[in-house]
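Record features (TrEMBL):
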{"type": "REGION", "residues": "26-52", "note": "region 'Disordered'"}
{"type": "COMPBIAS", "residues": "26-40", "note": "compositional bias 'Low complexity'"}
{"type": "DOMAIN", "residues": "81-263", "note": "domain 'BPL/LPL catalytic'"}
{"type": "BINDING", "residues": "Arg119, Gly120, Gly121, Arg122, Val123, Thr124, Trp125, His126, Ala191, Ile192, Gly193, Gly204, Val205, Ala206", "note": "substrate binding site"}
{"type": "SITE", "residues": "Lys188", "note": "site 'Lowers pKa of active site Cys'"}
{"type": "ACT_SITE", "residues": "Cys222", "note": "active site, acyl-thioester intermediate"}
Amino acid sequence: MQFELHALGRVGTAFAASGAAASRSAASTSAASGTAAPGTYSRRDAAPLPPVDDLLRPDGIVDYRAGLALQEVLRGESVAGDRGPTLLLLEHTPVYTAGRSADEDEYPYDGTEVVPIDRGGRVTWHGPGQLVAYLIGRLAAPFDAAGLVRDLEASLIEAIAGSGVESSAVKGRPGVWCPSDARGPARKIAAIGLSVRRGVTMHGVALNCSNDLRPFGTIVPCGISDAGVTSITEERRGGEAVTPVAVAPVLAEAIERRVAWRYATATAGSAGAADAVEVAGAAEVADAATREEAAA
């Protein structure tokens, strides 16, 4: 089974020449410049995305709140059984978000706004140069939270390795990490934060490709104070920047091969019994699975 793949904004340019068909919103025009702005590129067999106001800026970056609204619409369609599993690939406008486990003392030191959301995990940052992959769809029964996180970690590790960078999962620490070395302690290169409501996942993974790392310096990223944050470009130490456009096709292929089988096809009226569970990574999945069983 495949996800319904949609690559939004400038990430979509990675798929435009590889057989993906442009959706009905594939190109928009910037009133300021008169040039065609990147739009949404969708696999040929994917259902069109619902319209969301102010989703894409002229530079092809996705407004965070509009992207969240799109996820909510897709989640509703998945709960109703009207849409199959969907994979969104994109870059966000700069924003801090806080999962349900976040403490306010982890918020930005300078008082910058933080958007509370219902994913697992704590405080993190999104912005240009970071590749975000959202997975919206109904999980097949039985739901295996730990297995889902492991498969997402493996997908990220594979995509990162494709750019010549070593990374791994670390027991007890959500996400994907580059190992400690002469430059310092282990460094987080990718984050995982999901929610599951009525059997349908939202949110997903964020992989630092070529983004500015300074915004992480004003928070306690993901609640971990004794480790650093890095990116693919930073780890390569020289040469051209490795952008989300370069990494997106590799990550999409890895997620489809390793994760898609965990999702169910669309079936009208198939609302799940589970109420809500947040999954931040391997450190939290045991408790998450227990809470979902209790809600079933």
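Keep in mind that glycine also has a Cβ here, set from the backbone N, Cα and C atoms.
Note that this is a predicted model, so its numbers are computed, not measured.
For the domain 'BPL/LPL catalytic' (81-263), the mean pLDDT of the prediction comes to 89. Ranking the binding-site residues Val123, Ala191, Val205 by how many Cβ atoms sit within 10 Å of each one's Cβ puts Ala191 at the top. According to DSSP, Trp125 (substrate binding site) sits within a strand segment. In the structure as shown, the Cβ atom of Lys188 (site 'Lowers pKa of active site Cys') sits within 10 Å of 23 other Cβ atoms.
Neighbour counts were taken as the number of other C-beta atoms within 10 angstroms of each residue's C-beta; across the binding-site residues Arg119, Gly193, the minimum falls on Arg119. In the three-state DSSP scheme, Arg119 (substrate binding site) falls into the coil class.
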